[in-house]
Amino acid sequence: MTASNKQAVKAYLLNLQDKICQVLAAVDGKETFVEDSWQRPEGGGGRSRVLTNGAVIEKGGVNFSHVHGSSMPASATAHRPELAGRSFEAMGVSLVIHPNNPHVPTSHANVRFFIAEKEGAEPVWWFGGGYDLTPYYGNDEDCRHWHNTAKAACAPFGEDKYPRYKKWCDEYFYLKHRDEPRGVGGLFFDDLNELGFDQSFAFMQAVGDSYTQAYVPIVERRKDEPYNQAQRDFQLYRRGRYVEFNLVYDRGTLFGLQTGGRTESILMSLPPLVRWEYDWQPQPNTPEARLYEHYLQPQDWAE
């Protein structure tokens with residue numbers, strides 16, 4: 001592991017942020033991403049980019065961060081005790097897109113690299129990331145396209161990768177207190193170093209590069225579908241699950257808050273509007289009920 005390895009990862013991530021913002025701003029057609037560069041007093045910094053009140057995107061955030069510190073936070077050493085006493089660097093791109101139209105799913109993507117070093121010891125490093133889709137009014141065509149794109153990105157790295165990381169995604173994006181998944185899943189991987197640096201880095205790039213290929217065709221298909229206030233209300237209600245997951249379970253959110261990260265960037269993923277209703281239940285035989293009965297049931301979408 002050399003300094004040039006770390007520089008290559010950082011250069012890729014900065015370029016990925018640029019590319020994703022360009023593509024999504026073009027899809028929106030009205031607003032652009034506004035950048036907020038920031039520095040972290042304890043070490044590092046980042047570029048937060050947010051698009052709000054667009055024609056298609058109600059709120060979208062695409063964040064790059066590169067932070068470093070002299071010791072690991074509790075959230076990281078809890079399941080990796082060998083990291084205690086090491087300095088660390090973490091860099092990544094993380095994004096969440098909340099569309100206006102309830103027929104367009106929310107999407108989340110993240111790719112990241114982590115390294116912990118100590119004098120006289122081999123560095124501990126890994127890649128992580130993935131992407132997942134959260135529909136409000138599900139569509140089989142969209143789910144198949146999303147998962148087929150994910151499967152194709154994984155294919156060059158072995159037949160085991162897609163089913164393994166698809167299953168991990170289903171398990172990770174799960175709200176235990178609701179006993180339901182957050183959406184229809186996608187990919188989730190973490191602690192990836194078994195392929196060696198070059199191939200592990202290549203895999204992370206394949207995932208990062210395929211996100212817009214997975215998401216943009218779905219947005220284009222659904223962004224002009226008509227909707228009513230009741231459907232908008234259901235979208236806002238379901239966004240509540242997004243908030244619950246991010247604040248209760250999400251590793252990245254917890255890591256960021258525990259390391260004294262930049263709160264505005266960490267909470268950038270939260271939707272601008274959301275609603276909770278006491279003991280709400282969908283009416284039988286409605287599209288809302290179908291979300292629970294069909295789409296929030298893990299299944300094999302890829303062909």
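Along the chain as shown, the residues are counted starting at 1.
Yeah, the Cβs are placed from backbone N, Cα and C, and that goes for glycine too.
The annotation substrate binding site is assigned in Swiss-Prot to SER94, ASN110, VAL111, ARG112, GLY260, GLY261, ARG262. What Swiss-Prot records for HIS98, HIS108, HIS147, HIS177 is divalent metal cation binding site, and it gives sequence analysis as the kind of evidence. Among the features that Swiss-Prot reports, active site, proton donor is placed at HIS108, with the record citing sequence analysis. Sequence annotations record features per position, and here Swiss-Prot assigns site 'Important for dimerization' to HIS177 based on sequence analysis. Look at Swiss-Prot and you will find 242-277 tagged as region 'Important for dimerization', backed by sequence analysis.
All features noted in Swiss-Prot, drawn onto the structure.
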residue	record	CB count, 10 Å
HIS98	divalent metal cation binding site	25
HIS108	divalent metal cation binding site	25
ASN110	substrate binding site	23
VAL111	substrate binding site	27
ARG112	substrate binding site	22
HIS147	divalent metal cation binding site	24
HIS177	divalent metal cation binding site	9
GLY260	substrate binding site	13
GLY261	substrate binding site	21
ARG262	substrate binding site	20
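The Cα atom of HIS177 (divalent metal cation binding site) lies nearest to that of ASN110, taking the binding-site residues ASN110, VAL111, GLY261 as the candidates. Taken together, the residues of the region 'Important for dimerization' (242-277) have an average pLDDT of 90. Taking the C-alpha positions, the distance from ASN110 (substrate binding site) to HIS147 (divalent metal cation binding site) comes to 16 Å. In the three-state DSSP reading, GLY261 (substrate binding site) counts as coil. Recorded residues SER94 (substrate binding site) and HIS108 (divalent metal cation binding site) have their alpha carbons 8 Å apart, per Cα-Cα distance. The DSSP secondary structure for VAL111 (substrate binding site) is strand. Distance from the CA of HIS147 (divalent metal cation binding site) to the CA of ARG112 (substrate binding site) is 21 Å.
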